[in-house]
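Engineer: Here's a structure for you.
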Amino acid sequence: MTAPIRVAVTGAAGQIGYSLLFRIASGQVFGPDQPVILHLVEIPPAMSALDGVEMELDDCAFPTLAGVVKADSDHLEDGFADCNYVLCVGSVPRGKGMERSDLIRINGPIFTSTGQAISSAAASDVRVLVVGNPCNTNCLIAMNNAPNVPNDRWYAMTMLDQNRAISQLAQKSGQPVSEVTNMTIWGNHSATQYPDFYNAKIDGKPATEVITDEAWLQGEFISTVQKRGAAIIQARGASSAASAANGIIDTVKAIANPTAAGATFSAAVCSDGSYGVDEGLISSFPLTSDGKNWSIVQGQSHNEFAQAKIDATVAELKEERDTVKDLLK
Ligand code: NAX
């Protein structure tokens, strides 16, 4: 029998958790022949809601769900014990009047203890995807507090941004989403992110040959992608949940399987200094995976416009890093 994969999800009783867990448990991520044990982690006041989520998982009778482990955030090592993937979704949301730097300071301590617990309890092949915002800097904090986990196992999610960008280009060009490829998000998962349409392709051709309205690409397109999260809150009265869960699933599949020849995907990883991004920052790049390790795609060129956008988002990441300097070991 195939050994089960253990997947921890923090914030498992939250709205993204509710869209995510059932898809993982059903075999959509690791396939119909791969048993999965879910480790659900929540804060103590949410454990009762988590009981309800577990009951619903039971009631799906998924053949691929081989078990459920629950743990509260005072017992993170139990939650992450032997896990092969840790999906860090839980974090304190940004409240009214709260600055981004306040949020970073509030969530920072959560991610020091998360990093420490992953380091001491997770499986030796663990891969960690941070989704809870500010996800790049939360990931940076956790990575720096996890001495036993190599730096190339840490990811922060920009796949939802990539998918949003693909969808916008598909709609504008009238092509199916499957024809939009090589769409990279650079930098931070924030309003400074840069969706690189210059290196994207539509129907195998440079996107700028198919969509010739460069003013739209440089203006409305970028700002639509950057502000999509806020637009969804405005329309739905709640932040993106199903699309965020879908982004998590796409990311796990992208890192766990070899990337098709010529294709790329976006995730924020620990910079090795490529493209002038400070070594050690968690910044989004064009990536490929061989199913185990990722590589940053080299050799992409950026004109003055693109370089300025990348510089701005990387500058924001450096500022965030400086805000949490005391939490980095
Ligand atoms: P919810 O508020 O619905 O759920 C968050 C859950 O996390 C809650 O159940 C809460 O009890 C739990 N939690 C809080 N602190 C915790 C801790 N220390 N340990 C374990 N659990 C904890 O938020 P939801 O809509 O699910 O969003 C979760 C996070 O994803 C937020 O930080 C949000 O900003 C972020 N997002 C990131 C995205 C990305 O692309 N990187 C997109 C979607 C989303 O906005």
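Just so you know, glycine gets a Cβ as well, placed from its N, Cα and C.
Reproduced below are the annotations present in TrEMBL:
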type     : residues                                                                        : note
ACT_SITE : HIS189                                                                          : active site, proton acceptor
BINDING  : GLY11, ALA12, ALA13, GLY14, GLN15, ILE16, GLY17, ASN107, VAL131, GLY132, ASN133 : NAD(+) binding site
BINDING  : ARG94, ARG100, ASN133, ARG164                                                   : substrate binding site
DOMAIN   : 6-150                                                                           : domain 'Lactate/malate dehydrogenase N-terminal'
DOMAIN   : 158-326                                                                         : domain 'Lactate/malate dehydrogenase C-terminal'
Engineer: May I ask which residues of the same chain, at least 6 positions away in sequence, place their Cβ under 8 angstroms from the Cβ of ARG164 (substrate binding site)?
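Structural biologist: Non-local contacts for ARG164 (substrate binding site): THR224, VAL225, ARG228, SER243.
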Engineer: Checking the spread of the NAD(+) site as listed (GLY11, ALA12, ALA13, GLY14, GLN15, ILE16, GLY17, ASN107, VAL131, GLY132, ASN133): what is the longest Cα-Cα distance, in whole Å?
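Structural biologist: Farthest-apart Cα atoms in GLY11, ALA12, ALA13, GLY14, GLN15, ILE16, GLY17, ASN107, VAL131, GLY132, ASN133 are separated by 18 Å.
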Engineer: Cα-Cα separation of GLN15 (NAD(+) binding site) and ARG94 (substrate binding site), in Å?
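Structural biologist: So the Cα of ARG94 (substrate binding site) lies 15 Å away from that of GLN15 (NAD(+) binding site).
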Engineer: Which of GLN15, ASN133 (the binding-site residues) has the most other Cβ atoms within 10 Å?
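Structural biologist: Of the binding-site residues GLN15, ASN133, the highest Cβ count within 10 Å belongs to ASN133.
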Engineer: Quick check on the recorded positions: of ARG94, HIS189, whose CB has the lowest count of neighbouring CB atoms inside 10 Å?
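Structural biologist: Each of the recorded positions ARG94, HIS189 was scored by Cβ atoms within 10 Å; lowest is ARG94.
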Engineer: From the binding-site residues listed here (ARG94, ARG100, ARG164), select those whose CB sits under 6 A from an atom of ligand 1.
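Structural biologist: With ligand 1 as the reference and 6 Å as the Cβ limit, the list is empty: none.
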Engineer: Going by C-alpha positions, which of the recorded positions (GLY11, ALA13, GLY17, VAL131, HIS189) is nearest ARG100 (substrate binding site)?
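Structural biologist: That would be HIS189, the closest of GLY11, ALA13, GLY17, VAL131, HIS189 to ARG100 (substrate binding site).
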Engineer: List the same-chain residues at least 6 positions away in sequence whose Cβ sits under 8 Å from the Cβ of ALA13 (NAD(+) binding site), in sequence order, or say none.
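Structural biologist: Set apart from ALA13 (NAD(+) binding site) by at least 6 residues yet with Cβ under 8 Å, we have LEU40, GLU42, ALA46, MET47, ALA49, LEU50, GLY52, VAL53.
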